[in-house]
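Asks: Sharing a structure with you now.
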Amino acid sequence: MPSPAAPLLMRLLACSASAAVRAGAYVHEVMRSGELGIVIKGHNDLQTQADRGAQRLITANLRAAFPGLTVIGEEEEDPAAAPLGPDEIVEPLDEVLQQCHRCPEKVQNVRPEDLTVWVDPLDGTSEFADNLLDNVTVLIGVALEGQAVAGVVYQPYYRYLTDPSQAGRLVWGLDGLGIFGMGSDSHRPLPTGRVVVTTRSHDSDTVTAAVTACGPTQTLRVGGCGHKVLLLLERRAHLYIFASAGCKKWDTCAPEALLRAAGGRLTDIFGRQLRYDPGVERPNNRGVLAAMRVEDHQRCVEAMPEDVRQKLQGPKQS
């Protein structure tokens with residue numbers, strides 16, 4: 001277990017990082033077995049054995065390490081689930097603990113009751129079922145007093161098409177400390193024009209209108225909120241636009257935290273900050289708008305058509 005002398009938030013990040021990697025290994029196990037155990041929860045809303053098992057690994061590890069911590073996962077939990085076995089209990093990641101001396105002063109003394117952890121054990125489930133594995137991520141986001149401040153995004157199938165020997169990629173970050181795990185990708189120059197990334201499987205007239213209003217020269221349609229935000233962090237796209245209520249808090253908490261740590265911004269379509277308090281409504285009913293550059297984000301907020309605003313129940317633009 002991490003040293004109690006380390007700040008609570010850093011210890012939580014270190015355990016979250018290890019839990020995400022372990023959950024990613026479980027995702028691989030399920031895919032190799034060929035028994036996905038698909039359950040249809042709703043339209044374009046699937047659940048697999050990988051979702052269920054990965055969430056159990058993450059939530060059980062975090063609750064054991066941090067009694068009293070509020071952990072909210074996407075999937076309904078099984079009260080009869082077996083306790084973690086010895087090979088399922090994770091140790092905190094040294095890579096994170098080594099940054100403890102740089103922990104921002106404003107978060108050095110947070111208490112468990114100040115934090116809420118949001119878990120999406122398999123972001124991009126539809127893509128997982130469709131074998132679009134590079135779209136899949138494991139997301140663990142940490143909110144402090146309702147604001148996303150820290151996050152872990154793990155890609156179990158990072159570059160699996162071009163380099164099958166490549167291990168998964170772990171990206172983690174803390175607002176005020178920065179992000180880690182991006183390598184040279186974070187230094188890539190932005191592409192020319194305006195590249196917009198949006199949904200692959202939840203398209204609608206409203207989504208299309210919002211994307212068109214922001215003047216894309218290229219539109220990328222991919223799965224998973226985590227994957228889309230990684231494309232921003234990799235500087236392969238300028239904007240992530242989703243003018244729909246289909247995204248949930250467990251989808252956006254970790255990606256928003258990473259963007260904030262990198263100097264970017266993620267809000268609703270109207271430019272309002274999302275809240276991650278324990279009792280908040282789960283859907284992001286006013287959509288999602290994200291950008292690496294604040295000026296790109298603001299221009300898109302200002303360009304949003306009035307009919308899109310009305311459909312998402314936002315205020316009229318003054």
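Backbone N, Cα and C atoms are what each Cβ position is placed from, and that goes for glycine too.
Annotation comment: TrEMBL describes 1-19 as signal peptide. Annotation source TrEMBL lists Mg(2+) binding site at E74, D120, L122, D123, D251.
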Asks: Could you say which of the binding-site residues E74, D123 has its Cβ with the most other Cβ atoms inside 10 Å?
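Replies: Highest number of other Cβ atoms within 10 Å: D123.
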Asks: Other than E74, D120, L122, D123, D251, which residues of the chain come within 8 Å of the Mg(2+) site, judged by Cβ distance to the Cβ centroid of those residues?
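Replies: My list of surrounding residues reads D51, V119, P121, G124, T125, T137, V138, L139, G224, C225, G226, K248, W250.
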Asks: Show which residues of the chain containing L122 (Mg(2+) binding site), separated from it by at least 6 in sequence, have their CB under 8 Å from its CB.
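Replies: Spatial neighbours, sequence-distant, of L122 (Mg(2+) binding site): V27, T48, A50, D51, A54, F128, V136, V138.
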Asks: Select one residue from D120, D251: among these binding-site residues, choose the one with the most other Cβ atoms within 10 Å of its Cβ.
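Replies: Compared across D120, D251, the most Cβ atoms within 10 Å surround D120.
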